[in-house]
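In what follows, a single structure is set out as structure tokens and then discussed.
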Amino acid sequence: MEENGMKSKILIFGGTGYIGNHMVKGSLKLGHPTYVFTRPNSSKTTLLDEFQSLGAIIVKGELDEHEKLVELMKKVDVVISALAFPQILDQFKILEAIKVAGNIKRFLPSDFGVEEDRINALPPFEALIERKRMIRRAIEEANIPYTYVSANCFASYFINYLLRPYDPKDEITVYGTGEAKFAMNYEQDIGLYTIKVATDPRALNRVVIYRPSTNIITQLELISRWEKKIGKKFKKIHVPEEEIVALTKELPEPENIPIAILHCLFIDGATMSYDFKENDVEASTLYPELKFTTIDELLDIFVHDPPPPASAAF
């Protein structure tokens, strides 16, 4: 999508968030003029200063400032939204600005997790997925060029969640039988690959799925590999599916949402529950010169310099 050797200009919403910051860094690493839209009162000043030192252009504003968004769109080629779950429907404001500007060559909505058009989840998570589907249908109805990215599980986040490397206990919780397969990828890789596909003509109006064969595993296999890495055996405490389903009904919103996500990923195995369609593409096949960090390599990182645990907003 680069013309005359010029790199595409990329605008990122949610660039200071958990996955968005990796997209900003990936965009800068690949040499793209990179704009980061942020609230005027953002608390992420240190991160924004880092982005600026790396060459990012920081634009402060609110999503309600329609005219400002339109003018900003006219300066860029590609728009990526990495807004968190509570802001999913705010993407309609981004879409309105894209439609008025009329020049955007590619829009990537805030997907990046499960492939929402292929799965069904328990009600608390299904309601969030449905909001993402609404954004997709609006993109298609407006004939906005798009790429939908299904990056599956964020590896650092879920290794921290499942294995609890910061917790010295001798027990590990297993959700369901622990035998459902799932795909997970290192957040830094997700950021870099997403920038690659955002400017790749082969990904235009397609679903790109991050499912390299080296990064498919079960909970039990993950625990076994971790035990070998650190030379320690854990007692596995299984939480049965019925108990998890019951919790999604008993807990208030939004506390029931993470439980429903655990069910979707690690009991239903949603990231591996569907076959590829003709218009899908698996990310690792596009770029033989790149390599996803394998789960084994990521566990080595956790042994020597574990990434800090993170929390998600719902």
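Placed from the backbone N, Cα and C atoms, the Cβ positions cover glycine too.
The NADP(+) binding site annotation in Swiss-Prot covers 16-19, 38-44, 85-87, 110-112, Lys132, 152-154. In three-state terms derived from DSSP, Asp111 (NADP(+) binding site) belongs to neither a helical nor a strand segment and is classed as coil. Sequence-distant contacts (6 or more apart, same chain, Cβ under 8 Å) of Asp111 (NADP(+) binding site) comprise Lys132, Arg136, Tyr148, Val149, Ser150, Ala151.
Look at Swiss-Prot and you will find Phe85 (among others) tagged as site 'Confers substrate specificity', backed by experimental evidence. Look at Phe85 (site 'Confers substrate specificity'): DSSP puts it in a helix. Around Phe85 (site 'Confers substrate specificity'), the C-beta neighbours below 8 angstroms that are at least 6 residues distant in the chain are Leu128, Ile257, Ala312, Ala313, Phe314.
Sequence-distant neighbours of Ile88 (site 'Confers substrate specificity') (same chain, six or more apart, CB under 8 Å from its CB) are Ser110, Leu128, Arg131, Lys132, Ile135, listed in sequence order. Sequence annotations record features per position, and here Swiss-Prot assigns site 'Confers substrate specificity' to Ile88 (among others) based on experimental evidence.
The annotation substrate binding site is assigned in Swiss-Prot to Val114, Pro258 on the grounds of a large-scale study or a structure entry. The C-beta environment of Pro258 (substrate binding site), restricted to residues of the same chain at least 6 apart in sequence and closer than 8 Å, consists of Ala312, Phe314.
The Cβ neighbour count for Lys132 (active site, proton donor/acceptor), using a 10 Å radius over every protein chain in view, is 22. The active site, proton donor/acceptor annotation in Swiss-Prot covers Lys132, and the record cites experimental evidence as its basis.
In three-state terms derived from DSSP, Ile261 (site 'Required for activity') belongs to a helical segment. What Swiss-Prot lists as site 'Required for activity' is Ile261.
Cβ neighbour count for Asn152 (NADP(+) binding site): 26 (other Cβ atoms within 10 Å of its Cβ, all protein chains included). Inclusion criterion for the binding-site residues Ile19, Pro40, Asn152: a C-alpha placed within 10 angstroms of the C-alpha of Val114 (substrate binding site); this criterion is met by Asn152. Calculated from their C-alpha atoms, the gap between Pro86 (NADP(+) binding site) and Ile261 (site 'Required for activity') amounts to 15 Å. Each residue contributes its Cα atom, and for Asn152 (NADP(+) binding site) and Ile261 (site 'Required for activity') these two points are 12 Å apart. Between the CA atoms of Pro40 (NADP(+) binding site) and Ile261 (site 'Required for activity') there is a gap of 32 Å. In this structure the C-alpha atoms belonging to Thr16 (NADP(+) binding site) and Ile261 (site 'Required for activity') are separated by 23 Å.
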